[in-house]
Amino acid sequence: MTEDKVTRTLVFTVFTAVLGSFQFGYDIGVINAPQQVIITHYRHVLGVPLDDRKAINSYAINGTEELPASPFLGVPTPTPWAEEEPVASASLITMFWSLSVSSFPVGGMIASFFGGLLGDQLGRIKAMLVANILSLAGALLMGFSKLGPSHILIISGRGISGLYCGLISGLVPMYIGEIAPTTLRGAIGALHQLAIVTGILISQIVGLDFILGNHELWHILLGLSAVPAVFQSLLLFFCPESPRYLYIKLDEEAKAKKSLKRLRGSDDVTNDITEMRKEREEASSEKRVSIVQLFTNSSYRQPILVALMLHMAQQFSGINGIFYYSTSIFQTAGISQPIYATIGVGAVNTVFTALSVFLVEKAGRRSLFLIGMSGMFVCAIFMSVGLVLLNKLAWMSYVSMIAIFLFVSFFEIGPGPIPWFMVAEFFSQGPRPAALAMAAFSNWTCNFIIALCFQYIADFCGPYVFFLFAGVVLAFTLFTFFKVPETKGKSFEEIAAEFRKKSASTKAPKAAVEMEFLGATETV
């Protein structure tokens, strides 16, 4: 069947789209490696006295540690022996560094609501082009930050980059989900997450001090995201518009057929057009669905709550905490250059995300999510045991190291990539943009909450902190088992029936048509 065919146009188009996801990942990881260098530059620009530099340097021994995006996880309070004036100066540096990191997720939270709206108003291609203006603006501000008030330029640039990533977190999954053949939409949907973790890995590598993470080149490191932004902008002119957008939103069947013929590599696109015609009929009866209606309409309430819980599970699993603890654990294990171990974690991240691309269509979304969460639960237990016994048994550091790598592996098999594209499968054309916007906002918000609260939780719980995350992961695993339906290869009627069966508190809606996803009509 033509639906199964992977054409050069499809590969080119998906590659071009996920360049935005790559920028997303690069922007997430790029601020961590040059942390000490940037703090030193801030001190120079702000004229912080030498004594204060000593106080801050007691913290910045190793600039490779992952720094979650939070004012509370930046530079800690200087040591008690520091004098009052240096303490005040250190607090100023702390504030500017924290803002440099946390302005990014704040921008993402704000913009995540507008990705779907922009995609509907301008079309998917033009929306990504407009979003790249933000990416270029942010990259240029950071790239030239050495020439002006660097703290102001970096904070502004990170905030604008966050706005770009907030838009992309909704636009890219929407676009690649709409152009993907039915039998490949899971694998193609997982490429969004693969591109993100690849971007993180590349940012870690080029951030090494002998490449770009040094006093001379750190500003180029921060501004380097302009390169994929320009590259993607050029390639987007050669990409076909989403046929679903053309047919369902604009009612331009001829253009939709032309787009489909390019993507499928065949003149016979009857099946796709038939599916989209059914979806358009449903979309015309649904009209546009607001975010409020997602929660007030009984037909949407169950799937949107499940979608939000999947994104909460991803962020509240403790993955950011794992990265936060990794450097100190690697140091305890006797690794002299923990940055290479951290890059190793990033490499594992990438490899297992790539593996999930091939597994997702074979094992199914729900199955992989459950396997991933269950594995993370076990790893979190071993991680906690290793931390608790670290001082008594030296070899426990290796238990913790193995637990880190396995935890990351299980995360990328399921909870990492799957929530992003499952949301598109839960909803038809009418509610899909609002649902994707809400899911992206939920993901960014949970990310920010974890960053904001983790240090307090870690300080309170000490080495027992991952027992807490193990409990959270177990709770989300049980929720997934009882409430999340399998969507692999199922028609919208089957998914709607699954939701009705799993819903214990709501009355089954009269019609299942409001649950159509991506127009799929046959079981694979």
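Heads up, residue numbers simply count up from 1 along the chain you see.
Keep in mind that glycine also has a Cβ here, set from the backbone N, Cα and C atoms.
TrEMBL lists 13-488 with the feature domain 'Major facilitator superfamily (MFS) profile'. The transmembrane segment annotation in TrEMBL covers 95-118, 125-145, 151-176, 188-211, 217-239, 304-327, 339-360, 367-389, 395-413, 434-458, 464-482.
Of the two recorded stretches, the transmembrane segment (464-482) lies close to the transmembrane segment (367-389), with three or more CB pairs under 8 Å once pairs fewer than 6 apart in sequence are set aside.
Sequence-remote contacts of a segment are chain residues at least 6 beyond its ends whose Cβ falls under 8 Å from one of its Cβ atoms, and for the transmembrane segment (395-413) they are 193, 197, 317-319, 322, 325-326, 329-330, 332-334, 341, 344-345, 348-349, 352-353, 355-356, 359, 368, 371-376, 379-380, 382-383, 385-387, 389. Here the transmembrane segment (125-145) touches the transmembrane segment (217-239). Their Cβ atoms form 3 or more pairs under 8 Å, with each pair 6 or more residues apart. The largest share of C-beta pairs under 8 angstroms with the transmembrane segment (151-176) comes from 95-118, of the ranges 95-118, 188-211, 217-239, 339-360. Through the fold, the transmembrane segment (367-389) approaches residues 310, 313, 317-318, 322, 325, 329, 356, 359-360, 396-397, 399-400, 402-404, 406-407, 409-416, 418, 463-467, 469-470, 473-474, 476-477, 480-481, 484, 486 of its own chain, all at least 6 residues removed from its boundaries and within a Cβ separation under 8 Å. On the 0 to 100 pLDDT scale, the model's mean across the domain 'Major facilitator superfamily (MFS) profile' (13-488) is 84.
Annotation: stretch 339-360 has the most Cβ pairs under 8 Å to the transmembrane segment (188-211), among 95-118, 217-239, 339-360. Beyond the transmembrane segment (217-239), the same-chain residues lying 6 or more positions past its ends with a Cβ under 8 Å from any Cβ of the stretch are 12-13, 15-17, 19-20, 22-23, 26-27, 30-31, 33-34, 37-38, 41, 125, 128-129, 132, 135-136, 138-140, 142-146, 150, 154, 157, 161, 206-207, 211.
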